[in-house]
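Visitor: Annotated active site, proton donor per TrEMBL: Glu212, Glu481, in sequence order. Residues or ranges marked as active site by TrEMBL: Asp356, Glu523. Sequence annotations record features per position, and here TrEMBL assigns Ca(2+) binding site to Thr610. The disulfide bond annotation in TrEMBL covers Cys424-Cys467. Taken from TrEMBL, the feature region 'Disordered' applies to 103-124. For 46-63, the entry in TrEMBL reads transmembrane segment.
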Amino acid sequence: MSRSLPYSMADLPYDNAKFRHRSLIKVIKNSVLFFNIRRWCKQCSAGKFLILLLFCGVGYLVLAHNRNNSSDPVTVNVGTEEGRSFFTDKNGRFRNFWRKQPRLPPRLSPDEMMSRNKTASGPDWKARQTRVKEAFIHAWSGYRRYAMGHDELMPISKRGIDGLGGLGATIVDALDTAMIMGVDGIVNEAGTWIAENLSQRIDDIGQVNLFETTIRIVGGLLSAYHLSGNGHFGGSVSTGPNRDIYLENARKLADHLILAFTLSPSAIPYSDVDLHGRTARPAPDGLSSTAEVSTLQLEFNYLSTLTGDSKYKIESMKVLEHMKTLPKVNGLVPIYIDPRSGEFSGHNIRLGSRGDSYYEYLMKVWLQNEGRNLTYLHDMYTEAMKGVKELLVRKSVPNGLVFVGELPQGPKGEFSPKMDHLVCFLPGTLALGATKGITKEKAMRENLLSFQDLENLQLAEDLTKTCFEMYSVTSTGLSPEIAYFNMEGRSRTIHSEEANANSRYADDIIIQPADRHNLLRPETVESLFVLFRITGNPKYREWGWQIFEAFEKYTKVESGGYSSLDDVTVIPPPARDKMETFFLGETLKYLFLLFGERGIIPLDEFLFNTEAHPFPILRSGV
């Protein structure tokens, strides 16, 4: 029996809501408005409160956004045609409340923008390369018409001069350029002249400079010999005389030039040779240029390889072996050396004239032989580049151009912010030394670059920009022979009307009145070519094209040839009336290769001597 309840509800007016009949509306009302909300509120936390606040805020923004758009005269009819509908557009479709913000294009640097500009509307580099080829033909036509057989053309005077001894330097310097460009007519003309005249000239000519004759004539002949028997370029291999003519003349000339080595009392050769008298002598001041005596080895080494006669290599390599033993300043050397004592003379340190190609050939001779038993050259180069960065590299003000200055009195003297255009060879040498001729992408992928290589490659890119700005800062777009860079306390001497109004570096670069001439030099376009081949960055091509257009506009002589300029800061610039041989042998060659296919004369198979004559790297079987 169940127990009774402790209390009784019999007399109480109790209405049990649980069992009383209720309408559906009341059920929903009681459940939603009272029970669920009351229970949710009891369990409410700060997080739930913030969520509720968030939804309220979003709703407010949607409504506010709609009101703002409705007040805009451009968007007044977003809803119905009267603009009053909130939920639909004028076509009766539900409106999109969550309008996406317009996507902005990515902010790229100028270099990245240029790198991505590879659309069909981009530059036609084949056509631009053809323009360079046409310029070469125009330069040759003036030389052939007015100066054939002479060293150089004076295009304004329409005559030739023999400032390099009279060996027809322009002919030999331009020959391999014509081969690379595929200008068969010029190859035939130049080759025929060499076959008929050069040997006799070698016997009859008097004094010549050892350095200039080696890099231009011997180097040009050896390059022509190699290219005329190989298909590494776009020209024909069947034009011109028998290729042995080139090697025979190179050997005959070298047999005369070697007297500068054998007649010197030291390992340092004399600077001048009398070809007819078969003797050699020092320069009038008794000194030789450091760059000149150390920029003969690529040519003589390759000649020994081709002829099988080691005497050329032995004599030329004695110079570098001796220089290895001499005292240096952080790897840097003075620009003069005495062939009588074999010692450096003076304290002037610079990478411009008389010093430049010493550093270039340390690297290139090592690469030419693939480092075989020549590690001391790589060590000398490495130490020298560290010295350049420690003692010679500075930044200009106000815009921070990186440049290479000089130490006229040595490391204890005052630093000079002077930089020759000749120094613009350095970026190409640094880049070549960093990757050994392969692309940066491949070197990175194969983990071949050391920290120092990467540092040198960055310096190469910085210096290449500076060399280009030396062009763009002038009103003609052509570089002066020498520039000074603004440092604290120095005032500019180029007037605003003489500077390019579009250049931001007019206050960084100082051009003295005596330095405003342009000799059609190749060093900047050489580095543009090397940097483009190694980095693949198309800005180097664009810079090269700007330089070429400036040459075309201000140096071209309508009757034939191109002329050096006396002053690049004024328009029109006065002509200097001389076309240097290196304009055909180097400047136009590098521009042609810069605009062409990257597989022509590949940098991991060829080395360019300091006059832009390509030699093959000496691998086994070459």
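Backbone N, Cα and C define each Cβ position, glycine as well.
Help me see these features in their spatial surroundings.
Guide: Within the same chain, residues at least six positions away from Glu481 (active site, proton donor) with a Cβ under 8 Å of its Cβ are Asp420, His421, Asp515, Arg516, His517, Asn518, Leu519, Arg521.
Cβ contacts within 10 Å of Glu523 (active site), excluding its own Cβ and spanning all protein chains shown: 24.
A simple way to gauge crowding: the CB of Thr610 (Ca(2+) binding site) has 25 other CB atoms within 10 angstroms, across all the protein chains here.
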Visitor: Find the one among the recorded positions Glu212, Asp356, Glu523, Thr610 whose C-alpha lies closest to that of Cys424 (disulfide bond).
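Guide: That would be Glu523, the closest of Glu212, Asp356, Glu523, Thr610 to Cys424 (disulfide bond).
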Visitor: Within 10 angstroms of the C-beta of Cys467 (disulfide bond), what count of other C-beta atoms is obtained when all protein chains are considered?
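Guide: Step by step: centre on the Cβ of Cys467 (disulfide bond), count other Cβ atoms within 10 Å, giving 28.
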Visitor: Any same-chain residues 6+ apart from Glu212 (active site, proton donor) with CB under 8 Å of its CB? Would you list them in sequence order, or say none?
Guide: Leu164, Gly165, Ala169
Visitor: Tally every other Cβ atom lying within 10 Å of the Cβ atom of Asp356 (active site).
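Guide: A count of 25.
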Visitor: Note down the number of other Cβ atoms within 10 Å of the Cβ of Cys424 (disulfide bond), including every protein chain shown.
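Guide: I get 29 for this one.
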